[in-house]
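Copied over from Swiss-Prot, here are the features:
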ACT_SITE  LYS166  active site, proton acceptor
ACT_SITE  HIS285  active site, proton acceptor
BINDING   ASN114, THR164, LYS168, ARG286, HIS318, SER370  substrate binding site
BINDING   LYS192, ASP194, GLU195  Mg(2+) binding site
MOD_RES   LYS5  N6,N6,N6-trimethyllysine
MOD_RES   LYS192  N6-carboxylysine
SITE      LYS325  site 'Transition state stabilizer'
Amino acid sequence: SVGFKAGVKDYRLTYYTPEYQTKNTDILAAFRVTPQPGVPAEEAGAAVAAESSTGTWTTVWTDGLTSLDRYKGRCYDIEPVPGEDNQFIAYVAYPLDLFEEGSVTNMFTSIVGNVFGFKALRALRLEDLRIPTAYIKTFQGPPHGIQVERDKLNKYGRPLLGCTIKPKLGLSAKNYGRAVYECLRGGLDFTKDDENVNSQPFMRWRDRFVFCAEAIYKAQAETGEIKGHYLNATAGTCEEMIKRAVFARELGVPIVMHDYLTGGFTANTTLAHYCRDNGLLLHIHRAMHAVIDRQKNHGMHFRVLAKALRMSGGDHIHAGTVVGKLEGEREITLGFVDLLRDDFIEKDRSRGIYFTQDWVSMPGVLPVASGGIHVWHMPALTDIFGDDAVLQFGGGTLGHPWGNAPGAVANRVALEACVQARNEGRDLAREGNEVIREACKWSP
């Protein structure tokens, strides 16, 4: 008979194109692919490219109505993973036309929306994305960025200090405000709502906002420094989230906060636009990230979530601590910390950076080191992160035997000592403990 036979077809015939020269408008992706036994690498790589772009499992007559060559994703390179016999990195190029402008949501729906459940693969992990400059320019990015934030806060030449208020659930609004005041008065720049503090029966959001604003103004008056508290605006609906941000703006506080993964990219981008229009800084917490990024061979690496956040918008984002972890992890973490802060980042596989990324002057995001850190980590943190970071000590402040304010003083004294030692040319990695011991004399 005339015509074609429909049937399950080999993807590699159409979607594996090793001779393809990538365009600088393409979105490039590096996938770590673990195929099912018996599935050749080229077929698995091509399947990923097809399923995340134009492909379907058979030939359909409407294929004739469009130009596949213009719209298809292409697997253009495959390389083995050293030390893993059943894994390889598949590089896929997507034409820019496949994506809606200014929508991180659509970018992820396209690239990772469907393909992760694909039968021919045992596991799939998105390791990195190269976002072309043409696509970046369709995003507003962070509401303000590192430089504007320093100008707003009038704080230069050192990392900023924060503290998450604990116990995170159960305090009344008034007592919560007291804890905020003590920390800010003692010398911290910021205090923080915990990521799961939204608006619960024991403390409704509006009461918390009011008492925290009072604490901020009182601490500012006493210290002569600009203070902030990350008021968590995360809510069940976008409307409610914006309502909370509006109230924060009416109180005149400098910064609000959002959980960008649980809240979702659409909500996050909405809030980021509101924050830029209204002069609010935006602190981003990455609650739920480990669900996506913890498995080594499946999911998405955090550097992809970090890039997505810079596009969607946020002025701070939690990025791990590095201290006390393995050396290799330090390089990888510093890799995505630079992806958040710098304007141009060279490809560097030793730091997990698969592609050179140019952010074309999109504002940078301050990485936040938080979780299990305390005063003795200060030299290492100052050494590793440099000035452009927020160091957050929760228990490391509130756990001080004399209380919150002395705990805050201790952190500030330690930080100032480390910055001064570094500026005087001392080696913090080697002499850190000594620097802290000297500083102890001036600290509660």
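Glycine too: its Cβ is placed from the backbone N, Cα and C atoms.
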Rounded to the nearest Å - Cα separation of LYS166 (active site, proton acceptor) and ASP194 (Mg(2+) binding site):
8
Distance [Cα-Cα, Å, rounded] between HIS285 (active site, proton acceptor) and SER370 (substrate binding site):
10
Greatest C-beta neighbour count within 10 angstroms, which of the binding-site residues LYS168, ARG286:
ARG286
What's the most sparsely packed of the binding-site residues ASP194, GLU195, counting other C-beta atoms within 10 A?
ASP194
Same chain, 6+ residues apart, C-beta under 8 Å of the C-beta of ASN114 (substrate binding site), given in sequence order:
GLU51, SER52
When you tally the Cβ atoms that lie within 10 Å of each candidate's Cβ, which of the recorded positions (LYS166, LYS192, HIS318) has the highest tally?
LYS192
